[in-house]
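Annotation source Swiss-Prot lists signal peptide at 1-23, citing sequence analysis. Residues or ranges marked as Fe cation binding site by Swiss-Prot on the basis of similarity to another entry: Asp148, Asp175, Tyr178, His330. If you look up Swiss-Prot, you'll see Asp175, Asn208, His291, His328 marked as Zn(2+) binding site. According to Swiss-Prot, the feature active site, proton donor maps to His301.
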Amino acid sequence: MEKWGILLLVTLSVSIIFTSAAADDYVRPKPRETLQFPWKQKSSSVPEQVHISLAGDKHMRVTWVTNDKSSPSFVEYGTSPGKYSYLGQGESTSYSYIMYRSGKIHHTVIGPLEADTVYYYRCGGEGPEFHLKTPPAQFPITFAVAGDLGQTGWTKSTLDHIDQCKYAVHLLPGDLSYADYMQHKWDTFGELVQPLASVRPWMVTQGNHEKESIPFIVDEFVSFNSRWKMPYEESGSNSNLYYSFEVAGVHAIMLGSYTDYDRYSDQYSWLKADLSKVDRERTPWLIVLFHVPWYNSNNAHQHEGDEMMAEMEPLLYASGVDIVFTGHVHAYERTKRVNNGKSDPCGPVHITIGDGGNREGLARKYKDPSPEWSVFREASFGHGELQMVNSTHALWTWHRNDDDEPTRSDEVWLNSLVNSGCLKKRPQELRKMLLEP
């Protein structure tokens, strides 16, 4: 089975490998090995790969996997260790992928939950007790941001650094496990991130490594959609590949780079409907995540986002998006506020953060000279932290993984577009775009 899987990997996936090099005078550490996970048989009913995600107002979705197909999909929870005052009933699914058969994947929504509160929970009446902390109901709130994670030594370093920061929600703009058809790597990824993802909600969108389609045999995103169910139904979407959520004064939109996005697509129609409901008094900050960057001065993946940008950028600009996070390019880059290919004080800041630790290495070659809209760029592994201090100001910091120490390498204070007065200039433009058929 393993040999067959390796052959499938070789024949069906194409990896573009970029070696690392110094940005300016920084000397980069050497690449690290792919993590190895010894295969170990556990009790078939013990919950594995536990992670949580936001699931509508005051609710969380708890996801876990068991090998026992008869295990129930309920979660017991409460505010004291070992004392479970509440019970949430859920659903389960499973999938097949050639010779692989997944375990039973459970999804259970719990709540309503109090904000900024620790809850203790147990999955399916078996196994260890876990705990989670709900996000605050108001500012300040901190997001951890890292994309293109994979399962390498650098991934582990990134996760260790994220674990040290006091974040409330993790944002991941695509490329999670780098399973690339080898389905057991979804299982090992779930185990790798469980210590963090079972405690704080992880909100993710898809990247190219989640597609895993085999023509006429396996549809796209089968593994991703089965394992990482996001609140698409709660946000009025008909696809797990695009959705939105609100938390503590922030409206976050997760878009799909690998599903239809033209103005006649379901995604575009949903996006218009979602933006029409945004209340900037309740959620003064508006952020967007997707995988393929629109503003990218790295040599890697040039122009791959151009078509999506042509379709969606005018709508995002008219709506006053503050920040756009992307991945895909295995490096870090931050722009000025931009729109239509040039600096614009009323456009969003674009941040590429595809440097979480993937196995393909770093993309170190950049365009020279750099575009006028590019502020900071470096090919190093790391993560970002976005602290929304209040309704008007946010602090963004990028932390390089430097000799196992989380080095703060880039930071900037951001003023919300609501506070800057930009949105007062374009209400008619936005209404016109939202009303277009």
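Positions of Cβ are set from backbone N, Cα and C atoms, glycine also.
Overlay of Swiss-Prot feature records on the structure.
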residue : record                    : DSSP class
Asp148  : Fe cation binding site    : coil
Asp175  : Fe cation binding site    : coil
Asn208  : Zn(2+) binding site       : helix
His291  : Zn(2+) binding site       : coil
His301  : active site, proton donor : coil
His328  : Zn(2+) binding site       : coil
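Each residue contributes its Cα atom, and for Asp148 (Fe cation binding site) and His328 (Zn(2+) binding site) these two points are 7 Å apart. Cα distances from the residue listed as 'active site, proton donor' to the binding-site residues Asp175, Tyr178, Asn208, His328, His330 are smallest for His328.
Residue environment of Asp148 (Fe cation binding site) contains 30 other Cβ atoms, counted within 10 Å of its Cβ in all protein chains.
Taking the C-alpha positions, the distance from His328 (Zn(2+) binding site) to Asp175 (Fe cation binding site) comes to 8 Å. Within 10 Å of His291 (Zn(2+) binding site), counting C-alpha to C-alpha distances, fall the following of the binding-site residues Asp175, Tyr178, His330: Asp175. Annotated pair Asn208 (Zn(2+) binding site) and Asp175 (Fe cation binding site), C-alpha to C-alpha distance, rounded: 7 Å. By the criterion of other Cβ atoms within 10 Å of the residue's own Cβ, the least surrounded of the recorded positions His291, His301, His328, His330 is His301. Counting only same-chain residues six or more apart in sequence, the Cβ atoms lying under 8 angstroms from the Cβ of Asp175 (Fe cation binding site) belong to Gly147, Asp148, Leu149, Gly150, Gly207, Asn208, His209, Glu210, His291, Gly327, His328, Gly354, Asn358.
Sitting within 8 Å of the Cβ centre of Asp175, Asn208, His291, His328, and not among those site residues for Zn(2+), are the Cβ atoms of Gly147, Asp148, Pro173, Gly174, Gln206, Gly207, His209, Glu210, Ser257, Tyr258, Val292, Gly327, Gly354. Each of Gly147, Leu149, Gly150, Gly174, Gly207, His209, Gly327, His328, Gly354, Gly356, Gly357, Asn358, Arg359, Glu360 belongs to the same chain as Asp148, Asp175, Tyr178, His330, is absent from that list, and has a C-beta within 8 angstroms of the C-beta centroid marking the Fe cation site.
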